[in-house]
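First up is the structure itself, then whatever we jot down about it.
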Amino acid sequence: MTVTRSQTGKTPKKLERPGYVETPGRRVTRSRVVVASETSADDVSDSATEIRGRSKSTTRRRQVKTEEASEGEEKGRANGHINGNTNGHTNGHTNGHTNGHTNGHTNGSTKKPRVIDGWVEGSDPKIDYSGEFEFGGSWGVLSMMIGFPLLMYYMWIGAVYYDGKFPRPSEGQSMSEFLAHMGHLVCEGAYPSLRAWIIYWVFFIFEALCYVLLPGVTVMGRALPHLGGKQLPYYCSGVWSFYTSIALAGVLHFTGIFKLYTIIDEFGPLLSVAIISGFLVSFVAYFSALARGAQHRMTGYHIYDFFMGAELNPRMFGILDFKMFFEVRLPWFILFFISLGAAARQYEVYGYVSGEVGFLLMAHFLYANACCKGEECIVSTWDMYYEKWGFMLIFWNLAGVPLSYCHCTIYLASHDPATYRWNRVFLVFLYAAYLFVYWVWDTTNSQKNRFRQQERGTMVSRKTFPQLPWQTLKNPKTITAADGSKILVDGWYGKARKIHYTCDLYFALNWGLITGFSSPFPWFYPIFFACMITHRALRDIQRCRNKYGEAWVEYERQVPYLFIPVSYSSS
(Lines of atoms letter the chains of each structure in order from A; the text may use other names.)
(Lines give C-alpha, C1' and ligand atoms only; values in the text may rest on other atoms or scores of the structure.)
Protein backbone atom coordinates (compact mmCIF):
# COMPACT_ATOMS: atom_id res chain seq x y z
CA MET A 1 0.00 0.00 0.00
CA THR A 2 1.26 3.44 -0.79
CA VAL A 3 -0.04 6.65 0.61
CA THR A 4 1.06 9.92 -0.98
CA ARG A 5 -0.03 13.49 -1.33
CA SER A 6 -0.24 15.68 -4.42
CA GLN A 7 2.68 17.90 -5.35
CA THR A 8 3.10 21.57 -6.06
CA GLY A 9 3.81 20.88 -9.68
CA LYS A 10 7.39 22.13 -9.47
CA THR A 11 8.90 18.68 -9.60
CA PRO A 12 10.36 17.88 -13.04
CA LYS A 13 8.90 14.97 -14.89
CA LYS A 14 10.84 11.77 -14.82
CA LEU A 15 10.37 8.30 -16.15
CA GLU A 16 8.75 5.57 -14.13
CA ARG A 17 11.34 3.22 -12.76
CA PRO A 18 10.87 -0.11 -11.03
CA GLY A 19 11.37 -0.01 -7.27
CA TYR A 20 13.87 -2.15 -5.52
CA VAL A 21 15.05 -3.18 -2.11
CA GLU A 22 18.75 -3.99 -2.03
CA THR A 23 19.89 -7.36 -0.79
CA PRO A 24 21.56 -7.49 2.60
CA GLY A 25 25.25 -8.04 2.95
CA ARG A 26 26.52 -4.55 2.32
CA ARG A 27 25.81 -1.06 3.48
CA VAL A 28 23.66 0.80 1.01
CA THR A 29 25.89 3.22 -0.83
CA ARG A 30 23.42 4.34 -3.43
CA SER A 31 19.74 4.82 -2.78
CA ARG A 32 17.13 5.90 -5.24
CA VAL A 33 15.96 9.43 -4.58
CA VAL A 34 12.26 10.02 -4.96
CA VAL A 35 10.65 13.43 -4.68
CA ALA A 36 7.82 13.30 -2.19
CA SER A 37 4.41 14.53 -3.19
CA GLU A 38 2.93 17.67 -1.70
CA THR A 39 -0.17 17.37 0.38
CA SER A 40 -3.46 18.31 -1.17
CA ALA A 41 -6.71 18.96 0.57
CA ASP A 42 -8.44 15.92 -0.80
CA ASP A 43 -5.92 13.48 0.53
CA VAL A 44 -4.90 15.04 3.80
CA SER A 45 -5.29 11.79 5.68
CA ASP A 46 -3.37 8.61 4.98
CA SER A 47 -4.44 5.26 6.33
CA ALA A 48 -0.99 3.90 7.00
CA THR A 49 0.34 7.06 8.58
CA GLU A 50 -2.52 9.02 10.05
CA ILE A 51 -4.40 6.17 11.71
CA ARG A 52 -1.73 6.06 14.31
CA GLY A 53 -4.46 7.74 16.35
CA ARG A 54 -2.37 10.11 18.34
CA SER A 55 -4.30 11.83 21.08
CA LYS A 56 -5.47 14.58 18.83
CA SER A 57 -9.21 14.91 19.22
CA THR A 58 -8.63 18.39 17.89
CA THR A 59 -6.04 17.53 15.30
CA ARG A 60 -3.54 20.14 14.24
CA ARG A 61 -3.35 19.44 10.53
CA ARG A 62 -4.11 22.92 9.36
CA GLN A 63 -4.26 23.77 5.72
CA VAL A 64 -1.24 25.70 4.43
CA LYS A 65 -2.20 29.29 4.91
CA THR A 66 -1.58 31.67 2.08
CA GLU A 67 -3.69 34.57 3.27
CA GLU A 68 -1.98 37.91 3.59
CA ALA A 69 -0.74 39.13 6.95
CA SER A 70 -3.37 41.37 8.46
CA GLU A 71 -2.44 45.06 8.65
CA GLY A 72 0.68 44.82 10.76
CA GLU A 73 -0.98 42.54 13.27
CA GLU A 74 0.28 39.08 12.31
CA LYS A 75 3.92 40.07 12.21
CA GLY A 76 3.98 41.16 15.80
CA ARG A 77 1.50 38.87 17.44
CA ALA A 78 3.85 35.92 18.03
CA ASN A 79 1.54 34.02 20.40
CA GLY A 80 2.23 35.68 23.68
CA HIS A 81 4.72 38.36 22.66
CA ILE A 82 8.19 36.91 22.40
CA ASN A 83 11.59 38.65 22.57
CA GLY A 84 10.31 41.74 24.29
CA ASN A 85 7.67 42.65 21.73
CA THR A 86 4.57 44.05 23.40
CA ASN A 87 1.03 44.95 22.41
CA GLY A 88 1.41 42.99 19.17
CA HIS A 89 4.22 45.16 17.80
CA THR A 90 7.53 43.92 16.40
CA ASN A 91 10.79 45.40 15.18
CA GLY A 92 10.21 48.67 16.99
CA HIS A 93 7.01 49.54 15.15
CA THR A 94 4.13 50.79 17.30
CA ASN A 95 0.37 51.04 17.08
CA GLY A 96 0.26 48.32 14.41
CA HIS A 97 2.55 50.18 12.02
CA THR A 98 4.47 48.08 9.54
CA ASN A 99 7.64 49.07 7.69
CA GLY A 100 7.28 52.70 8.73
CA HIS A 101 3.75 53.17 7.43
CA THR A 102 1.22 54.47 9.93
CA ASN A 103 -2.07 53.00 11.11
CA GLY A 104 -1.10 49.53 9.87
CA HIS A 105 -1.26 50.53 6.22
CA THR A 106 1.36 49.42 3.75
CA ASN A 107 2.51 50.98 0.56
CA GLY A 108 0.22 49.85 -2.19
CA SER A 109 3.19 48.95 -4.32
CA THR A 110 4.64 46.70 -1.61
CA LYS A 111 3.45 43.12 -1.57
CA LYS A 112 2.35 41.98 1.87
CA PRO A 113 4.14 38.90 3.22
CA ARG A 114 2.30 35.62 3.29
CA VAL A 115 1.64 33.66 6.47
CA ILE A 116 2.63 30.05 5.81
CA ASP A 117 1.90 27.58 8.61
CA GLY A 118 2.51 30.12 11.35
CA TRP A 119 5.57 31.64 9.65
CA VAL A 120 5.55 35.09 8.05
CA GLU A 121 7.73 35.26 4.96
CA GLY A 122 10.96 37.07 5.71
CA SER A 123 10.53 36.84 9.48
CA ASP A 124 12.31 34.81 12.15
CA PRO A 125 11.22 31.13 11.76
CA LYS A 126 11.91 30.57 15.45
CA ILE A 127 8.76 32.51 16.32
CA ASP A 128 5.19 31.27 15.81
CA TYR A 129 3.16 34.09 14.24
CA SER A 130 -0.06 32.14 13.81
CA GLY A 131 -1.66 33.31 17.05
CA GLU A 132 -3.24 29.86 17.37
CA PHE A 133 -3.11 27.45 20.29
CA GLU A 134 -4.25 23.83 20.07
CA PHE A 135 -5.68 21.55 22.77
CA GLY A 136 -6.71 24.44 25.01
CA GLY A 137 -3.28 26.02 25.25
CA SER A 138 -0.90 25.47 28.15
CA TRP A 139 -3.55 24.25 30.60
CA GLY A 140 -4.99 21.85 28.07
CA VAL A 141 -1.69 20.22 27.15
CA LEU A 142 -0.64 20.06 30.80
CA SER A 143 -3.83 18.16 31.55
CA MET A 144 -3.08 15.75 28.72
CA MET A 145 0.51 15.18 29.87
CA ILE A 146 -0.76 14.29 33.33
CA GLY A 147 -4.01 12.60 32.40
CA PHE A 148 -3.01 10.18 29.70
CA PRO A 149 -0.28 8.36 31.65
CA LEU A 150 -2.77 8.03 34.52
CA LEU A 151 -5.36 6.63 32.10
CA MET A 152 -2.82 4.09 30.84
CA TYR A 153 -2.13 2.93 34.41
CA TYR A 154 -5.86 2.82 35.15
CA MET A 155 -6.54 0.58 32.15
CA TRP A 156 -3.60 -1.66 33.02
CA ILE A 157 -4.81 -2.07 36.62
CA GLY A 158 -8.30 -2.91 35.37
CA ALA A 159 -6.96 -5.44 32.88
CA VAL A 160 -4.64 -7.18 35.35
CA TYR A 161 -6.23 -6.85 38.80
CA TYR A 162 -9.94 -6.37 38.08
CA ASP A 163 -10.45 -9.07 35.43
CA GLY A 164 -10.79 -6.49 32.67
CA LYS A 165 -13.41 -4.45 34.51
CA PHE A 166 -13.36 -0.79 35.60
CA PRO A 167 -11.45 -0.37 38.87
CA ARG A 168 -13.69 1.26 41.45
CA PRO A 169 -13.75 1.63 45.23
CA SER A 170 -14.96 -1.44 47.05
CA GLU A 171 -17.80 -1.24 49.55
CA GLY A 172 -16.77 0.87 52.51
CA GLN A 173 -13.54 2.02 50.86
CA SER A 174 -13.02 5.78 50.79
CA MET A 175 -11.72 7.52 47.70
CA SER A 176 -8.39 8.29 49.36
CA GLU A 177 -8.01 4.64 50.33
CA PHE A 178 -8.92 3.58 46.80
CA LEU A 179 -6.34 5.91 45.25
CA ALA A 180 -3.70 4.72 47.70
CA HIS A 181 -4.53 1.13 46.76
CA MET A 182 -4.21 1.97 43.06
CA GLY A 183 -0.82 3.54 43.70
CA HIS A 184 0.28 0.45 45.60
CA LEU A 185 -0.72 -1.78 42.67
CA VAL A 186 1.37 0.34 40.30
CA CYS A 187 4.39 0.19 42.60
CA GLU A 188 3.95 -3.54 43.08
CA GLY A 189 3.18 -4.66 39.52
CA ALA A 190 4.55 -1.92 37.30
CA TYR A 191 7.83 -1.00 38.96
CA PRO A 192 10.31 -0.03 36.20
CA SER A 193 12.77 -2.85 36.80
CA LEU A 194 16.27 -3.03 35.34
CA ARG A 195 15.14 -5.97 33.20
CA ALA A 196 12.35 -3.85 31.69
CA TRP A 197 14.76 -0.99 30.98
CA ILE A 198 17.13 -3.37 29.20
CA ILE A 199 14.37 -4.96 27.11
CA TYR A 200 12.91 -1.63 26.03
CA TRP A 201 16.11 0.20 25.24
CA VAL A 202 17.91 -2.73 23.59
CA PHE A 203 14.94 -2.92 21.23
CA PHE A 204 15.10 0.86 20.73
CA ILE A 205 18.82 0.86 19.89
CA PHE A 206 18.51 -2.23 17.68
CA GLU A 207 15.79 -0.60 15.61
CA ALA A 208 17.88 2.56 15.30
CA LEU A 209 20.76 0.48 13.93
CA CYS A 210 18.39 -1.24 11.50
CA TYR A 211 17.16 2.16 10.35
CA VAL A 212 20.68 3.28 9.47
CA LEU A 213 22.36 0.08 8.29
CA LEU A 214 19.78 -1.98 6.40
CA PRO A 215 18.90 -1.51 2.70
CA GLY A 216 16.28 1.02 1.72
CA VAL A 217 15.45 3.94 -0.53
CA THR A 218 16.05 7.65 -0.06
CA VAL A 219 13.14 10.00 -0.58
CA MET A 220 13.24 13.78 -0.71
CA GLY A 221 10.80 15.51 1.62
CA ARG A 222 8.54 18.44 0.91
CA ALA A 223 10.02 21.87 0.32
CA LEU A 224 10.46 23.86 3.53
CA PRO A 225 9.43 27.50 2.94
CA HIS A 226 11.45 28.95 5.83
CA LEU A 227 14.59 27.34 4.36
CA GLY A 228 14.03 28.76 0.92
CA GLY A 229 12.38 25.62 -0.45
CA LYS A 230 15.08 23.23 0.77
CA GLN A 231 14.15 19.53 0.72
CA LEU A 232 15.56 17.10 3.27
CA PRO A 233 16.41 13.49 2.39
CA TYR A 234 14.65 10.69 4.28
CA TYR A 235 16.01 7.16 4.38
CA CYS A 236 13.31 4.47 4.25
CA SER A 237 14.44 1.02 5.39
CA GLY A 238 11.26 -0.04 7.17
CA VAL A 239 10.65 -3.22 5.17
CA TRP A 240 14.08 -4.67 5.89
CA SER A 241 13.88 -3.50 9.51
CA PHE A 242 10.52 -5.22 10.05
CA TYR A 243 11.44 -8.61 8.62
CA THR A 244 14.89 -8.58 10.18
CA SER A 245 13.29 -7.89 13.56
CA ILE A 246 10.84 -10.77 13.11
CA ALA A 247 13.60 -13.18 12.09
CA LEU A 248 15.81 -12.24 15.04
CA ALA A 249 12.86 -12.42 17.47
CA GLY A 250 12.16 -15.95 16.22
CA VAL A 251 15.77 -16.99 16.78
CA LEU A 252 15.83 -15.53 20.29
CA HIS A 253 12.55 -17.25 21.17
CA PHE A 254 13.32 -20.72 19.88
CA THR A 255 16.83 -20.71 21.34
CA GLY A 256 15.42 -19.70 24.71
CA ILE A 257 17.52 -16.53 24.93
CA PHE A 258 14.44 -14.33 25.04
CA LYS A 259 10.98 -15.86 25.03
CA LEU A 260 8.52 -13.66 23.19
CA TYR A 261 5.88 -13.99 25.90
CA THR A 262 8.25 -12.13 28.22
CA ILE A 263 6.67 -9.00 26.75
CA ILE A 264 3.32 -10.12 28.21
CA ASP A 265 4.83 -11.16 31.55
CA GLU A 266 6.72 -7.87 31.91
CA PHE A 267 3.97 -5.64 30.54
CA GLY A 268 3.54 -3.61 33.76
CA PRO A 269 7.24 -2.74 34.16
CA LEU A 270 7.54 -2.11 30.42
CA LEU A 271 4.57 0.25 30.64
CA SER A 272 6.34 2.30 33.31
CA VAL A 273 9.62 2.30 31.38
CA ALA A 274 7.83 3.48 28.24
CA ILE A 275 6.03 6.27 30.11
CA ILE A 276 9.21 7.44 31.85
CA SER A 277 11.15 7.19 28.58
CA GLY A 278 8.53 9.32 26.86
CA PHE A 279 9.08 12.10 29.40
CA LEU A 280 12.87 11.75 29.44
CA VAL A 281 13.26 11.83 25.67
CA SER A 282 10.86 14.78 25.51
CA PHE A 283 12.96 16.75 28.00
CA VAL A 284 16.19 15.95 26.15
CA ALA A 285 14.63 16.88 22.81
CA TYR A 286 13.28 20.19 24.10
CA PHE A 287 16.25 21.49 26.05
CA SER A 288 18.85 20.28 23.55
CA ALA A 289 17.00 22.18 20.81
CA LEU A 290 17.07 25.33 22.94
CA ALA A 291 20.76 24.87 23.73
CA ARG A 292 21.63 24.46 20.04
CA GLY A 293 19.37 27.28 18.90
CA ALA A 294 17.40 24.82 16.77
CA GLN A 295 13.94 25.82 17.95
CA HIS A 296 11.19 26.55 15.42
CA ARG A 297 7.81 28.33 15.69
CA MET A 298 8.01 28.93 19.44
CA THR A 299 5.17 30.65 21.27
CA GLY A 300 7.06 31.67 24.40
CA TYR A 301 4.81 29.55 26.61
CA HIS A 302 7.16 26.82 27.81
CA ILE A 303 4.61 24.18 28.80
CA TYR A 304 2.83 24.51 25.48
CA ASP A 305 6.10 24.58 23.53
CA PHE A 306 7.35 21.52 25.42
CA PHE A 307 4.23 19.61 24.41
CA MET A 308 4.25 20.71 20.76
CA GLY A 309 8.03 20.50 20.47
CA ALA A 310 10.91 22.86 19.77
CA GLU A 311 12.81 21.35 16.83
CA LEU A 312 11.28 20.67 13.42
CA ASN A 313 13.79 18.27 11.88
CA PRO A 314 15.90 16.56 14.58
CA ARG A 315 18.55 14.30 13.08
CA MET A 316 21.58 12.25 13.99
CA PHE A 317 24.47 11.38 11.69
CA GLY A 318 22.63 13.09 8.86
CA ILE A 319 20.55 9.98 8.16
CA LEU A 320 18.58 9.07 11.30
CA ASP A 321 15.58 11.37 11.31
CA PHE A 322 14.00 11.01 14.74
CA LYS A 323 10.45 11.82 13.67
CA MET A 324 10.67 9.27 10.85
CA PHE A 325 12.23 6.70 13.17
CA PHE A 326 9.59 7.11 15.87
CA GLU A 327 6.67 7.10 13.43
CA VAL A 328 6.58 3.40 12.49
CA ARG A 329 9.29 1.27 14.05
CA LEU A 330 8.57 1.92 17.70
CA PRO A 331 4.75 2.04 18.01
CA TRP A 332 3.64 -0.45 15.38
CA PHE A 333 6.53 -2.89 15.74
CA ILE A 334 5.96 -3.03 19.51
CA LEU A 335 2.22 -3.56 19.01
CA PHE A 336 2.89 -6.44 16.63
CA PHE A 337 5.41 -8.07 18.96
CA ILE A 338 2.96 -7.84 21.87
CA SER A 339 0.49 -9.85 19.76
CA LEU A 340 3.25 -12.26 18.77
CA GLY A 341 4.11 -12.65 22.45
CA ALA A 342 0.47 -13.42 23.26
CA ALA A 343 0.48 -16.15 20.62
CA ALA A 344 3.71 -17.59 22.04
CA ARG A 345 2.27 -17.56 25.58
CA GLN A 346 -0.92 -19.27 24.46
CA TYR A 347 1.03 -21.98 22.64
CA GLU A 348 3.22 -22.49 25.71
CA VAL A 349 0.20 -22.92 28.01
CA TYR A 350 -2.42 -24.61 25.82
CA GLY A 351 -0.39 -26.14 23.03
CA TYR A 352 -2.19 -24.14 20.35
CA VAL A 353 -2.93 -20.58 19.28
CA SER A 354 -6.62 -19.67 19.34
CA GLY A 355 -8.31 -18.31 16.27
CA GLU A 356 -8.99 -15.04 18.08
CA VAL A 357 -5.32 -14.43 18.92
CA GLY A 358 -4.42 -15.48 15.39
CA PHE A 359 -6.85 -12.87 14.09
CA LEU A 360 -5.16 -10.06 16.03
CA LEU A 361 -1.74 -11.32 15.00
CA MET A 362 -2.82 -11.17 11.36
CA ALA A 363 -4.36 -7.72 11.78
CA HIS A 364 -1.36 -6.19 13.52
CA PHE A 365 1.07 -7.79 11.08
CA LEU A 366 -0.82 -6.41 8.09
CA TYR A 367 -0.92 -2.97 9.62
CA ALA A 368 2.75 -2.79 10.62
CA ASN A 369 3.74 -4.24 7.25
CA ALA A 370 1.60 -1.68 5.42
CA CYS A 371 3.34 1.14 7.29
CA CYS A 372 6.71 -0.26 6.24
CA LYS A 373 5.95 -0.99 2.61
CA GLY A 374 4.60 2.54 2.16
CA GLU A 375 7.18 4.22 4.38
CA GLU A 376 8.46 6.42 1.57
CA CYS A 377 5.06 8.11 1.57
CA ILE A 378 5.31 9.21 5.21
CA VAL A 379 7.81 11.92 4.34
CA SER A 380 5.14 14.08 2.71
CA THR A 381 2.70 13.85 5.62
CA TRP A 382 1.90 16.63 8.04
CA ASP A 383 3.84 14.94 10.84
CA MET A 384 7.10 15.10 8.90
CA TYR A 385 6.54 18.49 7.27
CA TYR A 386 4.92 20.54 10.01
CA GLU A 387 4.75 18.89 13.42
CA LYS A 388 7.69 19.50 15.71
CA TRP A 389 9.41 16.80 17.73
CA GLY A 390 7.86 17.33 21.13
CA PHE A 391 6.04 15.46 23.86
CA MET A 392 3.01 14.94 21.65
CA LEU A 393 4.87 12.89 19.04
CA ILE A 394 7.50 11.40 21.34
CA PHE A 395 5.27 10.13 24.14
CA TRP A 396 2.52 8.94 21.84
CA ASN A 397 4.90 6.85 19.75
CA LEU A 398 7.02 5.55 22.64
CA ALA A 399 4.16 4.68 24.99
CA GLY A 400 0.69 5.81 23.94
CA VAL A 401 0.12 3.85 20.73
CA PRO A 402 1.80 0.51 21.52
CA LEU A 403 0.74 0.23 25.16
CA SER A 404 -2.84 1.51 25.01
CA TYR A 405 -3.98 0.15 21.64
CA CYS A 406 -2.82 -3.33 22.71
CA HIS A 407 -5.57 -3.97 25.28
CA CYS A 408 -7.38 -6.25 22.86
CA THR A 409 -4.27 -8.46 22.89
CA ILE A 410 -3.76 -8.15 26.66
CA TYR A 411 -7.32 -9.29 27.29
CA LEU A 412 -6.95 -12.39 25.11
CA ALA A 413 -3.58 -13.24 26.64
CA SER A 414 -4.99 -12.94 30.17
CA HIS A 415 -8.04 -15.20 29.73
CA ASP A 416 -8.72 -18.79 28.84
CA PRO A 417 -9.62 -19.10 25.13
CA ALA A 418 -12.89 -20.76 26.12
CA THR A 419 -14.11 -17.51 27.69
CA TYR A 420 -14.01 -15.53 24.45
CA ARG A 421 -14.43 -18.26 21.85
CA TRP A 422 -16.45 -17.13 18.85
CA ASN A 423 -18.55 -19.45 16.71
CA ARG A 424 -16.15 -20.97 14.18
CA VAL A 425 -18.27 -19.99 11.20
CA PHE A 426 -18.46 -16.41 12.42
CA LEU A 427 -14.70 -16.39 13.05
CA VAL A 428 -14.02 -17.52 9.49
CA PHE A 429 -16.30 -14.72 8.32
CA LEU A 430 -14.30 -12.20 10.39
CA TYR A 431 -11.05 -13.37 8.79
CA ALA A 432 -12.45 -13.25 5.26
CA ALA A 433 -14.15 -9.89 5.73
CA TYR A 434 -11.03 -8.38 7.29
CA LEU A 435 -8.85 -9.50 4.38
CA PHE A 436 -11.37 -8.12 1.89
CA VAL A 437 -11.49 -4.75 3.65
CA TYR A 438 -7.70 -4.75 3.83
CA TRP A 439 -7.62 -5.17 0.05
CA VAL A 440 -10.00 -2.23 -0.34
CA TRP A 441 -7.93 -0.13 2.08
CA ASP A 442 -4.61 -0.96 0.46
CA THR A 443 -5.77 -0.44 -3.11
CA THR A 444 -7.73 2.71 -2.24
CA ASN A 445 -4.63 4.43 -0.93
CA SER A 446 -2.53 2.97 -3.72
CA GLN A 447 -4.89 4.36 -6.35
CA LYS A 448 -4.72 7.80 -4.77
CA ASN A 449 -0.96 7.66 -4.38
CA ARG A 450 -0.19 6.40 -7.86
CA PHE A 451 -2.63 8.84 -9.43
CA ARG A 452 -0.71 11.71 -7.83
CA GLN A 453 2.65 10.18 -8.76
CA GLN A 454 1.65 9.66 -12.37
CA GLU A 455 0.27 13.19 -12.51
CA ARG A 456 3.60 14.63 -11.32
CA GLY A 457 5.88 12.19 -13.11
CA THR A 458 7.26 10.62 -9.94
CA MET A 459 5.74 7.16 -10.23
CA VAL A 460 7.91 4.53 -8.52
CA SER A 461 6.97 0.85 -8.45
CA ARG A 462 8.20 -1.07 -5.42
CA LYS A 463 7.63 -4.81 -5.23
CA THR A 464 7.02 -4.81 -1.51
CA PHE A 465 4.63 -7.40 -0.08
CA PRO A 466 1.74 -7.62 -0.71
CA GLN A 467 1.17 -6.48 -4.28
CA LEU A 468 -2.58 -6.50 -4.90
CA PRO A 469 -4.78 -6.21 -7.98
CA TRP A 470 -6.33 -2.84 -8.92
CA GLN A 471 -3.62 -0.74 -7.29
CA THR A 472 -3.20 1.47 -10.36
CA LEU A 473 -5.93 3.11 -12.45
CA LYS A 474 -5.44 3.55 -16.18
CA ASN A 475 -6.75 6.81 -17.61
CA PRO A 476 -8.79 7.58 -14.48
CA LYS A 477 -11.75 9.92 -14.58
CA THR A 478 -11.06 13.29 -12.96
CA ILE A 479 -12.62 16.69 -12.31
CA THR A 480 -10.45 19.73 -12.97
CA ALA A 481 -10.71 22.66 -10.55
CA ALA A 482 -10.33 26.32 -11.47
CA ASP A 483 -6.68 26.34 -10.38
CA GLY A 484 -5.89 23.38 -12.63
CA SER A 485 -5.69 20.78 -9.86
CA LYS A 486 -7.52 17.51 -10.38
CA ILE A 487 -9.86 15.47 -8.21
CA LEU A 488 -9.83 11.70 -8.66
CA VAL A 489 -13.37 10.49 -9.38
CA ASP A 490 -12.57 6.91 -10.30
CA GLY A 491 -11.74 3.59 -8.71
CA TRP A 492 -12.71 3.41 -5.06
CA TYR A 493 -12.96 7.20 -4.89
CA GLY A 494 -15.67 6.99 -7.50
CA LYS A 495 -17.78 4.99 -5.05
CA ALA A 496 -17.35 6.97 -1.81
CA ARG A 497 -15.35 10.07 -0.98
CA LYS A 498 -13.87 8.82 2.30
CA ILE A 499 -13.90 5.10 1.74
CA HIS A 500 -10.41 4.73 3.22
CA TYR A 501 -11.82 6.03 6.52
CA THR A 502 -14.47 3.34 6.35
CA CYS A 503 -11.74 0.71 6.20
CA ASP A 504 -9.78 2.31 9.02
CA LEU A 505 -12.81 2.29 11.28
CA TYR A 506 -13.64 -1.29 10.32
CA PHE A 507 -10.16 -2.38 11.43
CA ALA A 508 -10.50 -0.61 14.77
CA LEU A 509 -13.93 -2.10 15.46
CA ASN A 510 -12.69 -5.60 14.66
CA TRP A 511 -9.80 -5.26 17.10
CA GLY A 512 -12.38 -4.75 19.82
CA LEU A 513 -15.00 -7.17 18.51
CA ILE A 514 -12.66 -10.16 18.46
CA THR A 515 -12.40 -9.93 22.27
CA GLY A 516 -16.16 -9.87 22.83
CA PHE A 517 -17.89 -7.52 25.24
CA SER A 518 -16.71 -8.65 28.66
CA SER A 519 -14.15 -5.88 29.08
CA PRO A 520 -14.31 -2.19 28.12
CA PHE A 521 -10.57 -1.72 27.67
CA PRO A 522 -10.20 -3.46 24.28
CA TRP A 523 -12.80 -0.97 23.06
CA PHE A 524 -10.78 2.09 24.07
CA TYR A 525 -9.06 2.31 20.70
CA PRO A 526 -12.17 1.75 18.52
CA ILE A 527 -14.18 4.37 20.42
CA PHE A 528 -11.35 6.88 20.46
CA PHE A 529 -10.67 6.32 16.79
CA ALA A 530 -14.33 6.58 15.76
CA CYS A 531 -14.59 10.01 17.38
CA MET A 532 -11.34 11.17 15.84
CA ILE A 533 -12.06 9.94 12.33
CA THR A 534 -15.54 11.47 12.26
CA HIS A 535 -14.17 14.86 13.23
CA ARG A 536 -11.36 14.52 10.71
CA ALA A 537 -13.71 13.61 7.88
CA LEU A 538 -15.91 16.64 8.48
CA ARG A 539 -12.84 18.87 8.68
CA ASP A 540 -11.44 17.45 5.44
CA ILE A 541 -14.72 18.04 3.63
CA GLN A 542 -14.70 21.72 4.56
CA ARG A 543 -11.09 22.12 3.51
CA CYS A 544 -11.74 20.46 0.17
CA ARG A 545 -14.72 22.72 -0.46
CA ASN A 546 -12.56 25.74 0.25
CA LYS A 547 -9.72 24.52 -1.95
CA TYR A 548 -11.60 23.18 -4.96
CA GLY A 549 -14.75 25.30 -4.88
CA GLU A 550 -17.28 24.34 -7.55
CA ALA A 551 -15.18 21.36 -8.61
CA TRP A 552 -15.68 19.78 -5.19
CA VAL A 553 -19.39 20.50 -5.33
CA GLU A 554 -19.46 18.63 -8.64
CA TYR A 555 -17.53 15.76 -7.06
CA GLU A 556 -20.11 15.56 -4.28
CA ARG A 557 -22.83 15.50 -6.92
CA GLN A 558 -21.16 12.68 -8.87
CA VAL A 559 -20.15 10.75 -5.74
CA PRO A 560 -22.85 11.57 -3.16
CA TYR A 561 -21.73 8.99 -0.60
CA LEU A 562 -19.24 9.84 2.10
CA PHE A 563 -18.16 6.55 3.69
CA ILE A 564 -20.02 3.78 1.83
CA PRO A 565 -22.66 3.94 -0.93
CA VAL A 566 -25.43 3.78 1.66
CA SER A 567 -23.87 6.03 4.31
CA TYR A 568 -24.38 9.61 5.43
CA SER A 569 -23.65 12.08 2.65
CA SER A 570 -22.85 15.71 3.36
CA SER A 571 -24.52 18.26 1.17
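Keep in mind that glycine also has a Cβ here, set from the backbone N, Cα and C atoms.
Per Swiss-Prot, NADP(+) is bound by Lys448, Arg452, His500, Tyr501, Asp540, Cys544, Arg545, Asn546, Lys547, Tyr548, Tyr555; the candidate from Leu435, Leu488, Leu513 named for the same site is Leu488. Cβ-based neighbour count (10 Å, all protein chains) for Tyr501 (NADP(+) binding site) stands at 24. Segment contact holds for the transmembrane segment (238-258) and the transmembrane segment (324-344), given three or more CB pairs below 8 angstroms at sequence separation of 6 or more. Residues Lys448, Arg452, Leu488, His500, Tyr501, Asp540, Cys544, Arg545, Asn546, Lys547, Tyr548, Tyr555, recorded as contacting NADP(+), have a largest CA-CA distance of 21 Å. Other Cβ atoms within 10 Å of the Cβ of Asn546 (NADP(+) binding site), summed over all protein chains shown, number 11.
Fewer than three CB pairs closer than 8 A are found between the transmembrane segment (197-217) and the transmembrane segment (390-410), and contact between the two stretches is not assigned (pairs 6 or more residues apart). Here the Cβ of Lys448 (NADP(+) binding site) has 26 other Cβ atoms within 10 Å, regardless of which shown protein chain they belong to. For the transmembrane segment (267-287), the neighbouring stretch richest in Cβ pairs under 8 Å, chosen from 140-160, 324-344, 425-445, is 140-160.
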